[in-house]
Structures are given as structure tokens and as C-alpha cells.
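Data block below; observations after.
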């Protein structure tokens, strides 16, 4: 055994040697990386360290140094393939370095004594994910993962390929100070100051994995606390290590009674019956040698296989605050080597060379020691194949992904991945504001997004030759134009002729490649599309939009070039997608939403409405189950009707600015016995007027009718010309909320009853319904001496089908189901706290326009010009919940409670279960409201999630519900009672063809191999796999015949 401690092997400064916190040896054994308190990562040549005493050795000692951190660096680790080097520091950052093959650009750092760098290590990535110091790092054995731990109690998992953050595990209750990976690539273990080691099970992610795909990966498998119950919290690290045969974890800073020890934790049982006792102070680090050793020298007679596996042992080194380094193997109860006072301060890290014969130790005194063992001192090193043999029993060589069972499964998986890629590209294009030109399949010009119909005599085949001809002509014209541009002569100021330089991009396209203003060069079809938005928000509230890319794009522009989309397999051309430049700011008009006009900001004081008196209320209302505040009697109520939409209350001057406005005015007298006066005027001339015996409290109206609610609980309805439509509708108490939409009229009274009337059919969809259930009457403790406060109603609205949608001051959102005669909750703060999908969609339905399987809105709907019923209601309610939630200040408290809950035993799957339940809640709400766009989007999100979670029963149930079973006997008995929604026998579900929805779900689930046995059956029914084979092999007819033969006597159940 040789101890090598060169004086130059340190992080030396002007005043002192800085502490060395970490060291690691590269997989080829040629480099030693060290990290210290000077904020530098230094890479040394191990060969120069071994030859430190050889004065004739002249090769460089320090190969490179990097100072990209702002503080002390606590951990430095090479990736197992040697491609990357990672470092974590107390500036909360992780730096990833990569060796560049080009020589270093600078000779040496100015103003320092650093030797010139020999190798060029460049910063490849900077990872931000911790809120406090990064304490330790580890790479998985297949390089697919990098895990970092820190003083913020977090364990952050990064992709080893893209370095995207895959998951943050906040399960520890205190600082996390150690991390190690299972060499069989099934687990990793983290050690924390909460006196536990936690074991996480994982499956290696593919290179393109995203955070969404990893929701069910990295699951807490076990928590070990018994060896650490009274362990001191004074150690800087708790660096643990996994044995090369996968059998044991060595954990530093354990205790056995009052004595410091190293706990050896056995795999699978996850308990510690073995302790390495001998250190006088707490241990900071333990490290297994990466190779297995024979206790006896292999003889030639035993052949190539060597001695029996039972004679193989592992070697472990441990060190800590007692400045002592001890080395053990699994065959003896006492250490093989004890080196006392190796350093003058605590030993911070240990690193073995890949051959297992040399150990490096770093210390807080600034020193780095190399201990080189002779052959046979630790044992005889076994071949690397012995490691693989030992790991085979834990599935070390097997991937967790599984194999596709047949060719059809692979075809389905390829379909799924291709569709997902197209969806991602279209969403990214929409986000970045790419304008996709309308490359229609037919040569006809599209007007307002709808193709003109072709005559029956014309065929697609006949229309192809003119296309080719026009292409040739355009090519000739382009060549002529380029020639003209090249020969364009200009005359300079001094009279000389010069050929003007030609911009390369303009020669090919006729347009500048420089960023252009969005207002220039818009085609007529693009204008038409912007004027008619893709979807209509079914709520009477203005919505606005921003350009793709948000506020930054509007202010700074977009540098990304516009690229025409490649031809896709979908029927709809790329121009159908919502990547058409700026999103118009729109308001509700007569025929849906219209571009918003420019309005000047309001100046001066807003006039306060003049209150005459409180409304006269029956004293018996104090005994009512519910009591809502009644508006006061105002002397003057004025509401303008602009383009068929009733505006908020204003004064006469503001309302008269637009001459086309119809102004509805209600004037109440000062004396109770005098009548009230209601008038409708336009351009100052009277359209109609009426007198009512009671004071008017609220008015509403639209292009179909006018309505007024009076102090005595009566409602009066007039036509637009002022003819009374009904007798006075008498209600039980004064009106509190008065709203209308199309032919529907909503009135909520002071005793909490909700009335809905259809003025067109002179009927009501349901009897008056009480608001008491949604105002928490079931859990409110009623006071005998006075009223008990409850949540307030912030808004009550109608959709175009007459459904009542109510929002409360506690953030909850409800709608009333006329078919079930019950209130149903669509949005609540529970989802905001526990679901990963909260705020996962934009308020504008244009954000829902593309998914993994193509455009959402079908061309049929656009041709029909139908408005989307209930579009945007669920996102609106969830945004309202978020707003109220933050206003109340409850968000931080509840999130802290949930975080504490997640760390408890039995709640590992809490977040996953709540997220799935939230998606199911959204789907049920969209289906009940008839919200087409949201239903399809939420259904596909749900399918992707349950596929990622591997919930086979839910997947099978979903597929069966979409189609009602794959195959059914013709002679099978059909049930006579028809259900609704999921249980209906119709071909349509929420306005979508069931087979289209099923195809989308099967495409999304196709990439999950453990579900392919199920999804391939549905893909066969939809002829998806046969289509793929027909395209590839041209043998579609034989496959189709085989399919028909195999399914003879069977039919689809719709």
C-alpha cells in the first residue's frame, strides 16, 4: 500500500488552502475531478498523481479548472459513460460540463497563477430546481438519470439525456445529504437529516421522456429509520453507497447504541442487521469499491471461470469526522486497513478508481490523498463479468419497458408516437406564432375557412394536371424574376454604375427574411379567419386574447421564421389549426363574438347611483331558510343595448356615444304611491314606454325581449317594440339577481329560490330550485338568535340551453342539472390544491384546437356554422376558483398541509389519485353541459394519464364505454332501455362520432406496451393496423380478407 499526497494536489488560494468537499474519478480512470470552497472544479491527471515522486515526469498535472459557480461546490460526479461531469453548489445550481474536442481558447486565467488548461471542458447546461444548497449528486448506471439532493429537503430527478426536470420528490422532512443508485438500475436511495434513508423504485425513462410521462415513476418503496434514531445532525454529508453486486447499501452516520457506526442495509428486506463499528466520531462518507474481489488468488487449474462465486467479497471504505479512514470487506468482522489522522480535519468524500485498486480521499483541510494498493492486499480483483452475473438475479440486464407482443402492437405504437409528434409541432408552432399558409388540397380559394363546393362533374384526378402546369409556370416566373434582380443596376452618387447586391432569401421567396410586422401582408382568407373566431365562448362576459407567445411577443415581436407545415395524414389541411397570427380581442355581439371597438378611457369621477330608500321587505323573511341581500330602490336605472347585448349600467352621456344603442331607462318616483316609468329610446327618440305601479329594482334584456323586476316580486316582460308578452309573473319575494340569454330569463329571489323561464315557449325547464344546498346549508350550524353567514353569490348566469351556472365567494362553481333536479359542483379549491392538472388549460378555446391526434374542430361543424354550446364554462369556473382562493389567502396554508400529508405513510399515491379524479370531474361536467371541445380535450388528457399510470381496468372500461364492447354476437340480446351519455346507443357522444373518439384514445394509448394486448384489439376493429400494413407492404386486400374471415358472424356494437 502506498500513500501519495502531493503538495500541489489542492485547491490553494493566496491566504490558505480551501476545503475540498468532493472528489470523483472518471470511468476510464485517467481523470480526478475535485470541488472546493474556492468555487472551482479542478480536473487532474491521475497518472501525474501516481508519478508525483518521479522528477523526470513532465506531463501536465492539472488538465482543466472551471469556475462557473458563485459559491462552495459540494459535489462533483462523472457520468458512467464519461461524457458529462456534473457539479452542485450552494448557489442552488447544478452545472453540467462536456469535454470539447477543440483545444482551449485561452492560455491561462488573467491575474492568477493557474496553469494553462490542457482540456476544454465547457458548461453544457445549468440546471435550476433547488431552493437551497445542492448537497450531493448521483448518475444512474445507464446514464438516463441524474438525481440531486439538497438542503431544501428536495430530491430532484433530471433526465440524463435532455436534462429536463422529470420530477421533484418532497418526501423528506429535513436536509437531504446523500444519494446513491442501485447498480441493477431499479432503485435509488437518499439519506437525510430527518434520520431516515428512503428507497425509491424507478424505471429508466426513454431519451424523449417528459415530466408528464413520469407521474407514476420514482415511487417511494421503503423508509429505513432504525439505525439512525439518535444519529447526530452535525455531519456535513451523509454520503451512502450501493454495493457493486446490488446486495447492500452502506449508510454513513448511523449509530449502534451510543457508538458511531456504518449501517449495512440489506436489499429487498430493507433492514440493517450489520453495523461496522470502530469510528470514534460520526462518519460522513462510505464508498464501495466498484469491483468484486476474490479472497483467494485464482489458480490456473480452476480455468477461465475462476473460483466459485461464494468466495467473492465486496470492499468498502468509510471515513468521517474522526479523520480516520477504514477499509473493510464482507468476509471479516474487523477492518482490513485503518489509517488514522490521514487529514487534519474531517474527511469529506471518497472515490475509487474503476479497477478498484486505488482510493482517493478529500478533506476539509484542503488535502487530497491517494492510497494505492498492491495486488492481493484487498483481495484479487474479479472480472467485470462477475458484477453482471451478480446483478442478473435483480434484473440488472433487463429493461423495465417490456417488449411489444406482435407487429400490430409496434404499428400502433408508431401511429401513436407520430401523432404525438405532430400534435407537439402544431402546438409549438401555435405558441411561437408561425403563420401556416393555406396549402389547400384543392386549387379553389377558401373563403372564411370553408372550401367552395366542387361540381359533381369535376373529379380530383382531372384537377391534378393544371396544378403541375401552374407549378412549372411559377418556377419559370421565379427564374425570370431572379435574373432581373441579379441584373438590377443602380447609379451611385458619384455617377458610377453598380449591380445591386441580391438578398439570398428574397431571391427564393420574394419576401424578406427579416422580422415583419403582423399588420403587413395579411391575405384575404387570413383576414376572414381573424374576423370570425374559431369558437364562441358561451358566457356573457368579454374575453380578450394576446398574440401567440403572450405579452412578450406583442411587445418585442417574434424572431422565428414562418414555415409552411408539411402535408399530414389528417383530412383537415394545416390552415385549419389556430396558428393564424394575432388572436383578435372580441366581445359578445348579436351573432356571437365580434371584434372589440376602440374605446376611450373613462375620465372623471364615476357618478354614484342615487338611492331613494331600501326595498320594502316582508318581516317574515327573517324566518326564511335563506336570506339574500335585496338591492336598494334607485331613482334612475339606465342600461344600453349595444348590438343586441345588454351593457352594464352607465349614465346617459356614455350610453349615447354609440348612436345605434337602444337605451332602456327605469325611473322610480320619490313617493311610494306614485308609479314608476320605463322607456326605451334610440337616438333620442322614444321607441316605447310603460308605467308600472311599483318601484323597479332590476332590468335586463336582449334583442329578443325586455324584462323588469319590481319591488313587490313581480316580473314584467315586453317585446322589443314594447308589447307586453305575458301577464305579470308573481314571485315569492324581491328579485336579487336578474339575467337573460337568448330566450331564457333567470331570476333569483331574496329567499334563495332560482326561477328559469323560456319566454319563447312560455315554459320553465324545472320548478323553482333553492340555492340552499350550494350555500353549505348541510354543514352550517344555524343560530337561534340571528342569521348564520354563508358564502356569497358572486355571479349567476345562463348558457344557451338554459342551464344555471353559479359561482360563490369561496371559489366553488356549480350548475343546475334540469334532468336530475340537483346542483352539481364543477369546480372547487380541493382540485386546486391536490391536482396536477389545475390551470392546465387556457381560457380561450383556441388553446384546445390541436391535440396528439389532430385538429379538434371538425370541418362539418364549421360548415354548419354552429356555435359551441357551453364552450369555456369549465375553464372560466376554474379561473374563478383560483382567483377567490388566492384572495382568501388560503393557498399557502393548504399547500403546506398537503405537502405534509404527502410525506405520511399511505399517501404516496395521493397526488396521482386526485389528479385522475379531477380529470374525471372535468369530463363529467363537459358531457353534462354539452361542451364539445372541452370534452374531447379532457378525454384525451385522461386517456394519456391512465395509460401512463398503467390502470388496465380503467383503460378497458373507457374503451368499452366509447364503443360499447369490441365485438358482439349477432344473436346476442339487446337491452331495450336506452341510456344517456356514456350509456346511450347513439353514434354520437357529446357531439362527436364515437369511433373518432375511440380512434383518438387508441392512438394515445398505443405507445404503452403493457396495454397493447388490449388496445390492439380495438385498433383491429378500427382497421388502423391493416391500413398501416397496406401502406407499407401493399397487401391490404389479403389482410382485409383475413380480417373479414376471422370476424365472421360478429358485428360492432354502437
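Along the chain as shown, residues are numbered 1 onward.
Using the three backbone atoms N, Cα and C, a Cβ is placed for every residue, glycine included.
All annotation found in TrEMBL is predicted automatically rather than curated by experts.
TrEMBL assigns the feature region 'Disordered' to one of the listed ranges (396-437, 438-479, 564-605, 606-647), namely 438-479. Of the candidate ranges 358-386, 503-531, 532-560, TrEMBL annotates residues 503-531 with the feature region 'Disordered'.
Sequence-distant neighbours of the repeat 'WD' (66-107) (same chain, 6+ residues past either end, Cβ-Cβ under 8 Å): 19, 21-28, 31, 33-41, 43, 116-143, 146, 148, 150, 158, 160, 163, 237, 349. Residues 9-11, 13, 57, 59-78, 80-82, 85, 87, 89, 95, 97, 119, 121, 236, 348-355, 358, 360-364, 366-368 of the same chain lie 6 or more positions beyond the ends of the repeat 'WD' (20-48) yet place their CB under 8 Å from a CB of it.
Per DSSP, the secondary structure of the repeat 'WD' (169-210) breaks down as 0 helix, 19 strand, 23 coil. Counting residues per DSSP class in helix, strand and coil order gives 0 helix, 21 strand, 21 coil for the repeat 'WD' (66-107).
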